[in-house]
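Let me begin by presenting the structure, written as structure tokens, before commenting on it.
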Amino acid sequence: MKYNPRVSSSRRKNRKAHFTAPSSVRRLLMSAPLTLELRSKYNVRSMPVRKDDEVQVVRGTYKGREGKVVQVYRRKWVIQIERITREKVNGSTVNVGVNPSKVVITKLRLDKDRKSLLDRKAKGRVAADKDKGAKFSAEDIMQSID
């Protein structure tokens, strides 16, 4: 059920919004989940992929391969990873693009901005978990019975 009239349910409009998204929006759309250890450490589920993060491919042809992110190619919706390359016909090697949804982040490159983002996301997650399961208090339930 759609509550906000400004949000479209149209497939055509959503596809157009996706493929014409600016770089700032693509950054968020190109997020990847964290490993279980990082998830429990930072209390955050996923982060936008960034150059110099270390990732592991969990789906597709390159499943199981690990490496450092060399480039986040937002225009093509792919990331390029250090040791995932192929050889061209002329003999030179090129990086292969991998969809960021097919990787998990194993090590984050942290700076002050990224740390503040992690703290902010974790704080929101804690607040959401606190409210979870407390939809109705015992008093609300007893009032409806009386």
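Every residue gets a Cβ built from N, Cα and C, even glycine.
Feature annotation from TrEMBL assigns compositional bias 'Basic residues' to 9-18. TrEMBL lists 48-75 with the feature domain 'KOW'. The region 'Disordered' annotation in TrEMBL covers 1-20.
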Intrachain neighbours beyond the region 'Disordered' (1-20), with Cβ under 8 angstroms and 6 or more residues off its ends:
29
Contacting positions for the domain 'KOW' (48-75) when only residues 6+ beyond its ends and CB under 8 Å are counted
23, 26-28, 30-32, 35, 81-84, 95-100, 102-109, 114
